[in-house]
Amino acid sequence: MAILEEEVAFLEDFVSDSVDHRGTPAGKSSTGGWRSAWYIIGVEVGERFAYFGIASNLITYLTGPLGQSTATAAVNVNTWSGTASMLPVLGAFIADAYLGRYRTIVLASLIYILGLGLLTLSASLILMGLSEQRHVTHDVSAKPFFWVNLLFFCSLYLVAIGQGGHKPCVQAFGADQFDVEDPKERISRGSFFNWWFLSLSAGITLSIVVVVYVQDNVNWALGFGIPCLFMVMALALFLLGRRTYRYPRGDGEEKKNAFARIGRVFVAAFKNRKLRLEHSDQLEDGSSQKCKGRHEFLAKALLSGGAEPCNGRDVEDAMALVRLIPIWITSVVSYIPYAQYATFFTKQGVTVDRKILAGLEIPPASFQSLIGVSIFISVPTYERVFIPLARLVTKKPSGITMLQRIGAGMVLSSFNMMIAALVEMKRLETAKEHGLLDRPDATIPMSIWWFVPQYLLLGMIDIFSLVGTQEFFYDQVPTELRSIGLALSLSAMGLASFLSGFLITVINWATGKNGGDSWFNTNLNRAHVDYFYWLLAAFTATGFIAFLLCSRLYVYRRVDQV
């Protein structure tokens, strides 16, 4: 009996579904936990520094050295950021089906570094005067050669590809360092998503303050080269922690089977679509009745008919994916306002008084650092104040459910667009009062501090909606597909960016035809971005109502989450 007890103790010291770097069972004392998570969080800080070093001030580069109009530049920024947020679905598929998360992160990091290096090269070529007319006329406003533009956009989308493989896998790999079967580590995993976001916000804020200043006041080549250096450092740090990581067992092999077995459920259900579901004990929990009406179609995969019957676990996993679709669709709408801070918020800031101290003028894109400040305040407040109070009220270990957290973010998002619209109305009114409507280069006597509330609210929206969505999709997908789960949450933001770009294109055409003043006139004093913000507030409110209906019908994978 003593030997059996020792064997049990030995088994309990290992994580059942993970291995270490040698391929042997991962010991709890020697791998994983916060020790490994901090390595991975450090990697994400470096990656976010690099990404936002490009994204936060991109519209200024497009409308400046590349000479694009405001509307065209906004569409290009939204298209690129949308692509960067949609590509994680492909990156997650490659990781979950073939390479595994660790190898995908390494490969994606190398592509990332290549893209940033070429981006630096393209900016250097423009800086050296390789433009259509500059080498002849010395005209600093001349547009770059076509091939320099081509190099820039190819480099930009290489960064998007690298981010597509990096983003979902790093966060999922970080969460993998905590054993969901261990009560203490499960609580730590919930906190991981919050502290993860707080830490990466430090990288974002530092990037916005330092890199944007370099881009606006030194040169763009150095402004793109610094993010490239940070990405190299991020990859080195990730490799440094290799011996401490927990690797999902069968990473890249079992995952391929997961896609096959879940895909087979849909095939079997389609072949059995004409059969009737009559048995009540075919699912593992003996509750196939709950499938009728909602998931009766997929439950038919359990039957013997036109295809070999699937087992209960496969059907349940397929149902879990289907249940996520309405939540994903409604979250897309709530993310559309989020695409505006790197485009119109920044362009509006250019037109107003940006002096914060005597002789010190802040670059408009640097004001995005307020988002990070808000997050620094919001995460500890959420963890140490809001959650304990919520636990007292709801009696739930998590305080509020993940869906309630997402819904709160949607409400804040709609409210933020209302505030942004009111501030823009104030800016236009001030421009009119001082006779500056047709003087787009003149500084409007209105302080940039008017924009503070909308930036601070963005940080709070991140804590509720963005972090809540990431935790929700990671937790609710089948265990083998958690990279895909995080990619789904990121793709919602990507699709929202595409929709934002589409709306801008359509509205710009509709309001600017026949000589009218477009809502997105290059002269922002003649534009009406405030109308666009009111429209987005209405969209988000409508999406929230649809989200409420969907969330009331949603069934969590575990009872303790309800």
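Note that Cβ sites are derived from N, Cα and C of the backbone, with glycine treated the same way.
Source: prediction; values computed, not measured.
What TrEMBL annotates here:
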| type | residues | note |
| --- | --- | --- |
| TRANSMEM | 106-130 | transmembrane segment |
| TRANSMEM | 145-162 | transmembrane segment |
| TRANSMEM | 193-214 | transmembrane segment |
| TRANSMEM | 220-240 | transmembrane segment |
| TRANSMEM | 321-342 | transmembrane segment |
| TRANSMEM | 362-382 | transmembrane segment |
| TRANSMEM | 403-423 | transmembrane segment |
| TRANSMEM | 455-474 | transmembrane segment |
| TRANSMEM | 486-511 | transmembrane segment |
| TRANSMEM | 531-555 | transmembrane segment |
**Prompt:** Between the stretches 145-162, 362-382, 486-511, which one has more Cβ pairs under 8 Å with the transmembrane segment (193-214) than any other?
**Reply:** 362-382
**Request:** May I ask you to check whether the transmembrane segment (220-240) and the transmembrane segment (106-130) make contact, with contact taken as at least three Cβ pairs under 8 Å and only pairs 6 or more apart in sequence counted?
**Result:** yes
**Request:** Given the cut-off of 8 Å on Cβ pairs that are 6 or more apart in sequence, determine whether the transmembrane segment (486-511) and the transmembrane segment (321-342) share at least 3 such pairs.
**Result:** yes
**Chain residues outside the transmembrane segment (321-342) and at least six past its termini with a C-beta under 8 angstroms from it** = 55-56, 58-59, 77-78, 81, 262, 295, 298, 365, 368, 371, 403, 406, 409-410, 413-414, 416-417, 420, 454-455, 458, 461, 465, 469, 472-473, 476-478, 488-489, 491-493, 495-497, 499-501, 503, 533, 536-537, 539-540, 542-544, 546-547, 550-551, 553-555
**Prompt:** Cβ under 8 Å to the transmembrane segment (455-474), counting only same-chain residues 6 or more beyond its ends: which ones?
**Reply:** 171-172, 175, 190, 193-194, 197, 201, 324, 327-328, 331, 334-335, 338, 341, 345, 367-368, 370-375, 377-379, 382, 402-403, 405-406, 408-410, 412-413, 415-416, 419, 482, 485-486, 488-490, 492-493
